[in-house]
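Lifted from TrEMBL, the feature list:
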DOMAIN    14-93  domain 'ZAD'
BINDING   Cys16, Cys19, Cys66, Cys69  Zn(2+) binding site
Amino acid sequence: MDVEISVQALPLLGVCNLCLNEGAVKSMLMGYNHNGNIEIYSEMLFKCFAIDLTQMEFTDTKRLICKLCINKLRDSVTFREQVETSLQTLQAVVNTNRMYIMIYIITHR
């Protein structure tokens, strides 16, 4: 008989490292499921802002984030991904236009 065990992290009370508010917080080092995606807040923070929490002199149990900062961090990640996609699209358009210009020059000599 197969048994599936689900483990949920208990809510922590502490100080958010990002806004310094006290209250319910989560570890920034653990992975959390959000809409089918695993989020690791320390990795998201590094991806968006190049902030490396491993350089901070806290114990791992003190790397904490609150719900408000989690939502802001998610928005930042979404915005960064939007910007990256837009820039890639623009670069592709520029490259395509360059190719058309070169073809035009070559064929009209």
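The backbone N, Cα and C atoms fix where each Cβ goes, and this holds for glycine too.
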Key: binding-site residues listed as Cys16, Cys19, Cys69, least Cβ neighbours within 10 Å   = Cys19
Query = According to DSSP, which of helix, strand or coil covers Cys16 (Zn(2+) binding site)?
reply = coil
Task = With an 8 Å cut-off on Cβ-Cβ distance and a minimum sequence separation of at least 6, pull the same-chain contacts of Cys66 (Zn(2+) binding site), or say none.
result = Cys16, Leu18, Cys19, Asn21, Gly23, Ala24, Val25, Lys26
Ask   = In the predicted model, what is the mean pLDDT computed over the domain 'ZAD' (14-93)?
value = 93
Key: Beyond the site residues Cys16, Cys19, Cys66, Cys69: chain residues whose C-beta lies within 8 Å of the centroid, for Zn(2+)   = Asn17, Leu18, Leu20, Asn21, Val25, Leu64, Ile65, Lys67, Leu68, Ile70
